[in-house]
Amino acid sequence: MLNEIFKKSLNNIEITADEFNVLVNADLDELISCAERIKLKYMGSAPQTCAIINARSGLCSENCAFCAQSSHFSTGAPVYKYIELERIEAAAKDLAARGVERFSIVTSGLVPDDEEFQKIKESLKIIKKYRLKPDASVGCLSYEKLMELKEVGLDAYHHNLEVARSFFPEICTTHDYETDVETVRESVRAGLYVCSGGIFGLGETWAHRYELAMTLRELGVHSVPMNFLNPIKGTPKEGTSVLGEDEALRILAVYRFLLPDRSIRVCGGRSIVFSERSAEKVLRAGASGIMVGDYLTVKGISMDEDMDFIRKSSE
Ligand code: SF4
């Protein structure tokens, strides 16, 4: 049965919910080996890299249950308004020298105000100057605003759906799922490279994971960032157990079956879920890229270690 599903995925034919259940119960080594072959067919072997900068931290009006930056919780995470453009320039220079491909401006909050929006535009121009792909993740923007960013060089727009529609009310009650879906839809319509994924380990079921993947597939996103919960003190998810390494690998491998021709990037939580050699493990399990450097409010894995590994794998 696994072999039949593998062939379907190799031909990018949609996997049904019943077939998905077979994958969830398949032997993990076999599953990973198939996922790697699907990845190689569609994505090749050279790992993709991206990095982010938290350009505005905290002060967010929303109440996403996992997030250190929500003003609804007291997490001790850094709180600051838009950072100086000099810091963005210094980071871009460093990332370009290291050979990172994409660099994204990330801001907390649902929508940036006018002053912040101008600074985002300036930041994208700076990133472009260093020949990195300028990306942004700055909330729920309209088509017109997305086009404004595209005109100054925006390459990819990132906006996570986080979880399945049917699970969303348990994670966030301050805005509708549809607001996020609309942002993703408008980014696709604007002709941007669209990066949208989620966070795993929040108590969602395998059925929720299937639902999210199918929504992303249908929306036509190009890249799926996958985050694993790092339970932050002060958030409602504080006491949640971290996902086991095998379960995280299975999620990745299954997502490769469901989204064979999309980029799958492992982002937040990699250092928490995987004991060692995390880049190597996730890339073998079907991921086609990793986020390097620090996460939004949490330190990441050493960039030297990651980029060394990436260089060797690309040789
Ligand atoms: S995930 Fe985004 S929208 Fe939700 S609380 Fe955090 S910063 Fe705000």
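Note that Cβ sites are derived from N, Cα and C of the backbone, with glycine treated the same way.
Keep in mind that TrEMBL annotations are predicted by a computer and have not been checked by a curator.
Source: prediction; values computed, not measured.
What TrEMBL records for 45-270 is domain 'Radical SAM core'.
Residues or ranges marked as [4Fe-4S] cluster binding site in TrEMBL: Cys60, Cys64, Cys67. With a cut-off of 8 Å between CB atoms and residues at least 6 apart in sequence, the same chain places Cys67, Gln69, Ser70, Ser71, Ser108, Gly109, Leu110 near Cys60 ([4Fe-4S] cluster binding site), listed in sequence order.
Long-range Cβ proximity for Arg265 ([2Fe-2S] cluster binding site), meaning a same-chain Cβ under 8 A and a gap of 6 or more residues, is found for Gln48, Cys50, Cys195, Gly197, Ser223, Val224, Pro225, Met226, Ala287, Ser288, Gly289, Ile290, Met291. Per TrEMBL, [2Fe-2S] cluster binding site is recorded for Ser104, Cys195, Arg265.
Ser104 ([2Fe-2S] cluster binding site) is 21 Å away from Cys64 ([4Fe-4S] cluster binding site) when you measure Cα to Cα. Cβ neighbour count for Cys195 ([2Fe-2S] cluster binding site): 26 (other Cβ atoms within 10 Å of its Cβ, all protein chains included). Using the Cβ center of Ser104, Cys195, Arg265 for [2Fe-2S] cluster, the list of other same-chain residues with Cβ within 8 Å runs, in sequence order, Cys50, Ile52, Arg102, Asp135, Ser137, Ala156, His158, Ser223, Pro225, Cys267, Met291.
Taking the centre of the Cβ atoms of Cys60, Cys64, Cys67 as the [4Fe-4S] cluster site, the nearby residues of that chain (Cβ within 8 Å, site residues left out) are Glu62, Asn63, Phe66, Ala68, Gln69, Ser70, His72, Ser108, Cys172.
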